[in-house]
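Asks: The feature compositional bias 'Polar residues' is assigned by TrEMBL to 15-30. Marked as region 'Disordered' by TrEMBL: 15-65. The compositional bias 'Basic and acidic residues' annotation in TrEMBL covers 37-49, 56-65. As annotated by TrEMBL, domain 'BHLH' applies to 50-108. Annotation comment: TrEMBL describes 105-132 as coiled coil.
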Amino acid sequence: PALFMENARKGSIVSRANSIGSTSASSVPNTDDEDSDYHQEPYKESYKDQRRRAHTQAEQKRRDAIKKGYNDLQAIVPTCEQQDFSISSQKLSKAIVLQKTIDYIQFLHKEKKKQEEEVSTLRKDVMALKIMKVNYEQIVKAHQDNPNEGKNQISDEVKFNVFQGIMDSLFQSFNASVSVTSFQELSACVFSWIEEHCKPQTLQDIVIGVLHKVKSQLY
């Protein structure tokens, strides 16, 4: 009986120890199993958030592009430079930049049209000079082909005498017919003198008379 009681007492102690151990073990979390089974879910952005973010980025790009465009206009257009030092610290508004750009473009269109007209005039002058060049080349060639031609031509002095005689005759009638007391009277007298003394028949008579006079002096 004593041995039986001793064994029973030992068994009771072991049973209580096992019971306490199992209870303590059950209260401790199983970190190994949970760590192996637990996976942190990544944050998933919703479709609405994605659209909002894309819209924000697109809007920012648009604003940056507009800002760059206005900055480029201010750098290109000379009239966008500040002329008034009192407002030099103030930034030009977009409306002013656009208006100044429009004015500058219109100015460039006018300058372009003016230059085109000048180019057209220069082309006509070049064409006329080419025609004159061809004519002079033909004259030179004709003189080279006939070196004896022109020996009996009238001298420049005789030509000048003929021209002087014609102009003297016209000036005498002009001086006698035109009054210079006022510009209005001068204008009226000039038209009257042209109608009376510059008719084809009158000019022909003057030229014939001068030629006869020069001929009598030569021979």
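Glycine is no exception: its Cβ is also placed from the backbone N, Cα and C atoms.
Whatever TrEMBL says is automated annotation, not expert-curated.
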Asks: Count the residues of the compositional bias 'Basic and acidic residues' (56-65) that DSSP assigns to helix (H, G, I), to strand (E, B) and to coil, and report the three numbers in that order.
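Replies: Summed over the compositional bias 'Basic and acidic residues' (56-65), the classes give 10 helix, 0 strand, 0 coil.
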Asks: Taking a Cβ cut-off under 8 Å, which residues six or more beyond the ends of the coiled coil (105-132) line up next to it in the same chain?
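Replies: No residues contact the coiled coil (105-132) from elsewhere in the chain.
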Asks: What is the number of residues in the domain 'BHLH' (50-108) that are helix, strand and coil, as DSSP sees it?
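Replies: Output for the domain 'BHLH' (50-108) reads 48 helix, 0 strand, 11 coil.
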